[in-house]
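*Asks:* What follows is a structure written as structure tokens; I'll ask about it next.
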């Protein structure tokens, strides 16, 4: 048996897609287990740039199965479009499997997402307006429509009518907005379901069979742990559980998980609103944003930038049970005279070592920094830690010391051959 979970340790955009693509070379199955098409990631492979939102990274390799688990909320329109774009790049998608238990995002979810966000005004969460939250709300309220329902014309019609009636009343009475048309949604989305029908199955069986056969299975988390609805900066979070969602979102037992790989950038970024203790609002932040091309894959929005926050990543390590660390984008910091690491917070003269649940408490905290000398040398061709200039190497070593976790890989650029392996995670699960 060999299973590895990949999770983001910050607020998403840590480079999980790249690491998933890299580690998937040793996997037979790659599966997503939560989130939706709000979680874009970019993969550079075979001289092509692939921008994925719903489809797992393994779809690029015909010998692997790519699984969208039951914990993912699926926008059929978005998924059909993504598969069409991949086909234009020569990726067939024949190795894709979609859980029949995955919930479906429909147009009324997207409309409700936008109306709810607009109604909050200055208190908005900063969602991607893709209907993720409302779809998970329907799931929790037990009125959601699943992939299995979408494929059954009679069931889909019955449930869509009931749901749309309730949603239209909400649109008109609560938000003073126009109702949506049943026929338009029904015909369009039933056809999307028929186009996806060939991929739909009980993916829990697929995953557990692969694990029981001793095959390597890689689970790909979306967003980051600081966006986890339970462990993140609530309410400025997503609607799912990147931290521990793999067991329920993929339908595999906790006893079948071997390693949890945490992915972090050598600095911090965030899209949307919410607390960000190490945020840089000066020219240093602009330098890092431009050097790192820090603009959202899905939204195109400039990401907020800050120094590496060890308090955040230690919190993520603890709540997700992280066993190994992948550190990305070290090269982005090249050219800075000094670099900083947040090692703790300070509040009213007292040192705070752990990330607080109260956002009011957090707003009263100031970061405590360690300052290290920067480096000017080009590190994009480095293959080992010894190839790094002394200051860059010391920066990496200090991060791992503060986190108390072994470094699995470090990256000095966006391409796959710029990800350098210190230890093969698949060797670890085979021991």
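From the backbone N, Cα and C atoms, a Cβ is placed for every residue, glycine too.
For reference, Swiss-Prot lists these features for the protein:
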- 12-18, 40-42, 303, 329-331, 411-413: GTP binding site (BINDING)
- 13, 40: Mg(2+) binding site (BINDING)
- 13, 14, 15, 16, 38, 39, 40, 41, 128, 142, 223, 238, 301: IMP binding site (BINDING)
- 13: active site, proton acceptor (ACT_SITE)
- 41: active site, proton donor (ACT_SITE)
- 297, 298, 299, 300, 301, 302, 303: substrate binding site (BINDING)
*Asks:* Check the Cα-Cα distances from residue 412 (GTP binding site) to the recorded positions 40, 41, 301, 302, 303 and tell me which is shortest.
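*Replies:* Out of the listed candidates, the nearest Cα belongs to 41.
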*Asks:* For the C-alpha pair, I'd like the distance in angstrom between residue 300 (substrate binding site) and residue 128 (IMP binding site), rounded off.
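*Replies:* Computed Cα spacing between residue 300 (substrate binding site) and residue 128 (IMP binding site) is 10 Å.
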*Asks:* Within 10 Å of the Cβ of residue 42 (GTP binding site), how many other Cβ atoms can be counted across all chains shown?
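*Replies:* The Cβ of residue 42 (GTP binding site) has 16 Cβ neighbours within 10 Å.
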*Asks:* Just to verify a number: CA distance, residue 128 (IMP binding site) to residue 40 (Mg(2+) binding site), in angstrom, no decimals.
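*Replies:* So the Cα of residue 40 (Mg(2+) binding site) lies 11 Å away from that of residue 128 (IMP binding site).
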*Asks:* Just checking: which of 18, 40, 41, 223 have a Cα that is within 10 Å of the Cα of residue 303 (substrate binding site), counting only these recorded positions?
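*Replies:* Within 10 Å of residue 303 (substrate binding site): none of them.
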*Asks:* Helix, strand or coil for residue 38 (IMP binding site)? Use DSSP.
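*Replies:* Reduced to three states, the DSSP call for residue 38 (IMP binding site) is coil.
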*Asks:* To the nearest whole angstrom, state the Cα distance for the pair residue 42 (GTP binding site) and residue 302 (substrate binding site).
*Replies:* 16
*Asks:* If you run the three-state DSSP split on residue 302 (substrate binding site), which class comes out?
*Replies:* strand
*Asks:* Specify the count of other C-beta atoms within 10 Å of the C-beta of residue 15 (GTP binding site).
*Replies:* 23
